[in-house]
Every structure is written in C-alpha cells, then in structure tokens.
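Taken verbatim from TrEMBL:
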{"type": "DOMAIN", "residues": "249-509", "note": "domain 'CN hydrolase'"}
{"type": "TRANSMEM", "residues": "14-30", "note": "transmembrane segment"}
{"type": "TRANSMEM", "residues": "36-53", "note": "transmembrane segment"}
{"type": "TRANSMEM", "residues": "60-81", "note": "transmembrane segment"}
{"type": "TRANSMEM", "residues": "87-106", "note": "transmembrane segment"}
{"type": "TRANSMEM", "residues": "165-185", "note": "transmembrane segment"}
{"type": "TRANSMEM", "residues": "212-235", "note": "transmembrane segment"}
{"type": "TRANSMEM", "residues": "522-540", "note": "transmembrane segment"}
Amino acid sequence: MTAAEGTPGARRPWWRLGAALVGGLLLYLAFPPLGWWLLTPVALGILYACLVVGRPSVRVGAVTGFVFGLGFFVPLLPWIGEFVGPLPWLALAVVCAVYLALFGAMATVTGRVSAAAPVAFALVWVGVEWFRSSFPFGGFPWGAAAFSQTRGFFLPVARWVGVPGLSFVLALTGASVAALLITIVTRRREDLRRAGDTPEEKARELRWGGRTIRLTGAVVVAAAAAVFALAAAGIATVTAPSPNDGPTLRVAVVQGNVPRLGLDFNAQRRAVLDNHFRETVRLAEDIAAGKRARPDLILWPENASDISPLDNADAARIVSAAVTATGVPIVFGTVLPGDPGPSNTVLVWEADDGVAAPAPTGRYDKHIIQPFGEYLPWRSFFAKFSSYADQAGNFQAGTGPAVVQVPTAAGTVPVGVSTCWEVAFDRSPRQAARDGGQLVFVPTNNATFGHTDMTYQQLAMSQVRAVETGRSVAVAATSGISALLTPDGRAITSSEIFTPSILEADLPLRTDQTLAVRLGPWPQAVMVVGALAAFLFALGRRTRFYTLFSIRDSAAEEGAHDR
C-alpha cells in the first residue's frame, strides 16, 4: 500500500462525497433564476479540494466528480421532464454526471504531481465541457459554467476568449483560492505537529527541505493564477465599449403567447399565429394613436406562424395584414415542409412598397437541430422506453449564412439569427457575427417547458452571447421570456412568462468583431490540447513523491521513504 493510499482521507472518502454533493448544489444556485454567480468559483473550489486533499485514487476521484455532477444537473434539468415524466430528466442528468466523473478522474491525476495543479484543473474543466458540448448527437452545452455569470464580475472576459475562456477563468479562480487555503492549512498542521517533535525527529525533518520549497512554489502559483483571473475580469470590464455607442435600430418584439401548455401547444390550428397577429394589431393601433414610436423592425418568435405561410394562403394573408398594419417588415419563425423532412425556418416578410403586396424576401433555416425534439436519433430504440418518441420530429438542418437581410427606412440591416437551441452552442452566435449580423435575433419557443427554470437559463445564454459577440440581442419567445439586450448583456426590457407582451427599444448596431469572435474556436482548442497534455504529463510521472496540497499522515510518508 502506498503512502497516499494509507492516509485517512483516502480510506474514508465519504466526507469528500458529501462535500462534492454540496458543491454541485452550490453550482446550481449560481444559475438563473437565482443567479448567485459568486457561488460558481466557490463550488469549483470545493470540487478542487475534494479531488486533491488526501490524494484520492482515480476511482474515488471519478465517483466524486459523478456525485458533484448529480448535485448540479439533477436540480438544473427538471424542465426536461415537465410534460414527459421524470425518466428523460433523470436519465439526462445521470449522463451529464458521467462527464463529470471523467473530469474527476482526470483532475485527480493532474492534481497529484503538477506544480500548476489549479491551472491543470481549469484546463481539464474546459476540456470536459467541450467534450460534453460535442458528443454524442452534437452535444449538450447546457450548464457550462460561463452561463452562470450574467450578473457577475467575470462576464466581460467573454469578449476576449468567449464562453470556454470564461469557464476557464471561473475554474482557475476557484481552484487557485482553494489551493491557497489547502496549503495554508497543510503548513499549519505541519507546524503544530513539529512543535511536539523530539530533536531527533526534527533533524530527520530537515532532510526533506525540498518539500518547503515546493509548498512555497505552490503558494506562488496559486496566488498568481488567482490574480490573473481577477485581473482579466477587471481589465475586460474597463476596456469594454459603451453599450450605447454607434447607430441604433428601433426594434419591437411581439410575444403573442400560446393557447395552452404542453407538447400540443400548437394543436389548435392557427391559434399561435392569430395571437401574434392580435398583439401586432395592438402595436399598430398604439403607433397610430401616438402612444408608441414606429419601430424599424418587428420580431416574432420561433413557430409564431404555426402554419407555413408559403403553403397556406390564409397564413400568408394574416402575416401580410400585420406587415401592412404596422408598415414595417416582420421577421418570424415558422415550419416549412420539405423532403425528406421539414425545416425550422425564419422568414423576412417585407413591407408593402405601394406596388407589390408584402411577401417573403429572406430566409434562414436552423443549422443546429435539437436531438430528441426536432429529430430523434435511434428512434426505434428510444420508442421502447417512451410513447413520446413518436412525437419527435424529422427536421433537417439548414446551411448557408446565419444572417437575414432586413430592409428598413434607414437601409438594409443584416440581422444574425441563432434559433432557440442554437444559442447554447459557441459556433452559432459567433457565425451570426462573422457573417455580418449587426445585431443577433434569438427566436425561441419555450411553451413545452411550462413554468420551469428553462426559459431563465436560456435567456442567460443570450446575455452571455451578447457580451461574447459585442452585439445587441433580441430574444423573442412565444410564451416568454422575451427580452431586448444591449451588447453588455443588460436587459433593457423583458416580458413575463405566458403573458402577451410588446417590447420596444432602440438597440445599438455593431459592425466590429470582438476578440472572441475573431479568434473563433482556437482558444478552446488550445485549452483542450493543454488539458490532454497536462493529463498525459501527470500520468507519466511517478506518484510516490510528495505532491502538492495533500494532507497526509507523516508516519506513513516516512515509512514509504525508508522503504
């Protein structure tokens, strides 16, 4: 048995499992709707301590990460089962926790021998977030640490290095502070133990002077990492441009609401479209009465036209009537039939120029379609476990630019589009900005998730994306929450859930690109490679030497060295 395996912490892992569970719960509390953002580095610091104190085995590290994952994902994801029962919710939570089991195993290895253990911890965290966001079925980015920071001090870091970089800074901060505290406690315990040593024992201790040097180095590395993380956040805050600089566009978002909750929210034919038409007519009446300024653009949500206006004359007539009543173009979501399957589409319906009737002039088909919703992988397999499998769609992914060109009184404005599920993925808002979008439109339909936390969590993603891309973001939801966001992620105005609403504001337009947009996926790629390198380096080192930040039984250590 090695010295590390002989420590009390290694023999009795239950304390670390309890602490990991608490850490996972704290991470959940950092996310909306509560949004206690400072708990994110606290939770990750607790996880770091669980994975390094007492030098747990890789197996214990994996179990610790899994328990942390359950503590986080089980309360984060109940909206998955709102109308389909608890099995999909709990199954997804367990699958997500497995990724954190992988993280726990890797971080246990890197935490044993590296002088930069907090940095390795943060790199591995980003690497596992990337893996979870990519595999399988295109990945599941929900719950990335960065999305907890909509009210936080660290949020401006996203302008520099995007969501992965923000997650890195959060993990680095938590791990660095934890490493400092662990080192202080370790030194204090050693000092207390040495106070009772005999002269012979103290002489024996002096032979291991290198240990003091290593602990001092640990303090320097951890302190430097914490200072770097905090300085990065502070500098990003100071250098961020004013959200009100430059030209603006008057944008109105119409939230028409749905006739009922549940998976059959659009079962009543044309009801969703009629709701949005009704609210738009109310907007037109307010404009005519001088109660509201005429917007340059009106946005309706995903699936606002629950019947394809390209295939149904009545639906086309209603959309055209709304455009004519307001005198401005409407950009809205609908489902267009196709072969081999339909597309989740955003259409631009242009205002009447006095010659031709209003008609569609632009189109975006959703690029990243949602597994188990818009399409079902392994359909025959999952049909054995849920009768809802037959309700999953067979949508087809779109291609092409992630922008639509919208004619306004001031000229044509390119509007980036990131539909619902897409806003969770780094590449979608980034492509919208790279393709020339001067603001980003996020049409979404959250009616199938009822009054759960889901819509608050998704809105937080849009807020982080606003900072990451340096763009205003307009979120239009069928049933809420809709919001108009400035490039610093602040909500100018927002709606309530399941309440018809009209939101209106002047949104800044942007043509420049943030560093995060220009760098694209490269910072994340570098961090993923760094995580693998740190893991392989640590794996190749002999682990019988003293390691950083470990609280161990000195007698067992001395016995190991004597052997």
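Just so it is clear, glycine is given a Cβ too, placed from its N, Cα and C backbone atoms.
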Same-chain residues at least 6 beyond the ends of the transmembrane segment (14-30) with a Cβ under 8 Å from one of its Cβ atoms are 36-40, 42-44, 46-47, 49-50, 53-54, 56, 60, 63-65, 67-73, 75-76, 145, 148
Which residues of the chain, 6 or more past the ends of the transmembrane segment (87-106), have a CB below 8 A from one of its CBs?
47, 51, 58-59, 61-70, 72-74, 76-81, 124-125, 127-128, 131-132, 140, 143, 372, 385-386, 531, 535
What is the pLDDT of the domain 'CN hydrolase' (249-509) when averaged and given as a whole number?
92
